[in-house]
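Q: According to TrEMBL, the protein has these features:
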- 235-321: domain 'Wax synthase' (DOMAIN)
- 12-32: transmembrane segment (TRANSMEM)
- 39-62: transmembrane segment (TRANSMEM)
- 205-227: transmembrane segment (TRANSMEM)
- 287-306: transmembrane segment (TRANSMEM)
- 318-337: transmembrane segment (TRANSMEM)
- 349-373: transmembrane segment (TRANSMEM)
């Protein structure tokens, strides 16, 4: 009886079963000719949307699963519509005989692989795994990593936030506190408020890193160790080296996961090449696609926030838009700086700054400053509106 009571309620099965139905139709669509794939579009999308609308029930299993499920669903939809209809993926382009057979294993390797790892179209910058790693070594390494990360969370990170700021009050996240710099000349800004913003500038990165690493490890063990559909080498870590984050561009391009890179870029290129005045491969196209990727990221986060909390979703779009503008301005400044360093002929203060790595130090300060300024504009509104719904 206790075992039955510990099982998740039947409501939790709806999003899971709906997504499984969508998986089946996606696999079928990848196995048919391009002309027939359009007939599978609704059978793929409708169950996925039903699953998305039911994400809140998954929080009954454990808190936060609904949000993670929602983000994964959006990536799944964007990736597979791209693969099926934009890139028109063929499972066995060089083997006509194999192409006549139903190959659901090969289909899984595509629909469940948004980075297209180990394919000819792998996402640029995708992190690599040891190709010879065994399943036992993989599980051991990931277990050690997760234990260490959880210890850091328990004894270090959580003691900084929320530990150092308890008791927290709703007033700490009030709307007027989203503004910081404009208040400095006229209103008192407390040390507590400044330290809280500083902690939150890093906290969101840490929680995403920790949560996604644990979730990916669980899924990797399921598919590579238990089901043995994959090799352990097909599950590289999602994140890069945090020491690479000396610019926003490197934060998103080097450190952050590349899960959404390919599908979002594909849709961005589709739109850019239908706009007048934007040539393929031009700087205008690169700028447009970069802005589109940030915008689509904002919209996807907003959809999950809307479904999960019912409010605060406008902050998602605004924050990712601010990132796109800041990244473009940063890129322009870095190009001017690099030209100036080249012209300095290894002399002058600019060369000394570059030679001693002070430019990277300044880059870390810049990234922190941007997060310090922008993250409360993104997150405080969610805390405020959700608290008023309780």
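The chain as shown is numbered from 1 upward.
Even glycines carry a Cβ here, placed using N, Cα and C.
Note that the structure is a prediction, hence the values are computed from the model and not measured.
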Q: Using a Cβ cut-off under 8 Å, which residues of the same chain at least 6 positions beyond either end of the transmembrane segment (39-62) come close to it?
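A: Residues 8-9, 11-12, 14-16, 18-19, 21-22, 25-26, 28-29, 32, 69-70, 73-74, 76-77, 80-81, 84-85, 303-304, 307-308.
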Q: Please report, as numbers and ranges, the same-chain residues at least 6 past the borders of the transmembrane segment (349-373) whose CB is under 8 Å from any CB of it.
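A: Here the qualifying positions are 180-181, 197-198, 201-202, 205, 245-248, 250-251, 326, 330, 337, 340-341.
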Q: Residue list, the transmembrane segment (12-32) vs rest of chain: Cβ under 8 Å, 6 or more residues beyond ends.
A: 40, 43-48, 50-52, 54-55, 57-58, 60-61, 69, 73, 76, 80, 83-84, 89, 91, 102-104, 106-108, 110-111
Q: Quick one: DSSP breakdown of the domain 'Wax synthase' (235-321) into helix, strand and coil?
A: 58 helix, 0 strand, 29 coil
Q: Report the mean pLDDT of the predicted model across the domain 'Wax synthase' (235-321), rounded to a whole number.
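A: Result for the domain 'Wax synthase' (235-321): average pLDDT 95.
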